[in-house]
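Trainee: TrEMBL lists these features:
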TRANSMEM  28-49  transmembrane segment
DOMAIN    42-297  domain 'G-protein coupled receptors family 1 profile'
TRANSMEM  61-83  transmembrane segment
TRANSMEM  95-121  transmembrane segment
TRANSMEM  141-159  transmembrane segment
TRANSMEM  205-227  transmembrane segment
TRANSMEM  239-260  transmembrane segment
TRANSMEM  280-299  transmembrane segment
Amino acid sequence: MESSNQTVSVTEFILLGLSAHPKLEKMFFVLILLMYLVILLGNGVLILVTVSVSHLHTPMYFFLGNLSFLDICYTTSSVPLILDSFLTPRKTIPFSACAVQMFLSFAMGATECVLLGMMAFDRYVAICSPLRYPVVMSKAAYVPMAASSWAAGSAASMVQTSLAMKLPFCGNNIINHFTCEILAILKLACADISINVISMGVTNVIFLGVPVLFIFVSYIFILTTILRIPSAEGRKKAFSTCSAHLAVVVIFYGTILFMYGKPKSKDPLGADKQDVSDKLTSLFYGVVTPMLNPIIYSLRNKDVKAAVRNLVAQKCFTQ
């Protein structure tokens, strides 16, 4: 006779999303769809500009093109699933598809952390050592720097996804989230997850702590150098070359710190409200930030605005 407490292998997961708030689902479906279209359009235009305009073939714009492509990949790995969950009362996702989605989202997030650090180094060399900039940031240097960002993010994601998917799941397959977010998955495991927690902690230090520290130190040197420039016009011009990157860094890391650094409510009656708040904050991080990146860079960069205008003018002229 088989044991009554025999574990049941999970073959699919159920995504709760905002199923308990159907009115919010309809509103957020339209909102997220519009934001996603803006992400595709804005980042697509930036990629087109950085590739097709010859005088933008510099390290800064090469990294910017990578960032735009990264934002498209990151949102595409999750937004279609989120939109589908708004339309489907009971959204299920196969185990394998959940693993793929988790891998892609984690890889893109980790890659962006490293890439923002690389962009900070580029701005540091440009401001603090302008005469050495062509040598230090040559094509033989900045292409491997970008490639290593992608490789590091993918490797970290492969490790975390493999560790998470190897855990046993004994029947509880309801993910209280929009997507297969790794922390939500770990809560469902019916085994010791201490290895996963330690591994995640080490990964967070490497991909969050180290880049933040590196960016912080880089901007200390950048600001120190800018303040030494005698003319106000020179200081303004120097700061304008890195202000867009600084704004993106503040939004990106500020949202992460808000998501994971705020205290959890101990009031059971407020648990549902906080749960919805956490989900919406995660939605902001996953959609609004990639949407703002091309807007920030296009508004703060005269070269990008001029290149976009020229492309539009050429397109209209040819038609």
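Glycine too: its Cβ is placed from the backbone N, Cα and C atoms.
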Trainee: Take a look at 28-49, 61-83, 95-121, 239-260 and tell me which one has the most Cβ pairs under 8 Å to the transmembrane segment (141-159).
Mentor: 95-121
Trainee: Any residues 6+ beyond the ends of the transmembrane segment (239-260) with a Cβ under 8 Å from its own?
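Mentor: Same-chain contacts beyond the ends: 60, 67, 112, 116, 119-120, 123, 126-127, 208, 212, 215, 219, 222, 226, 278, 281-282, 284-285, 289, 292-293, 296-297, 300-301.
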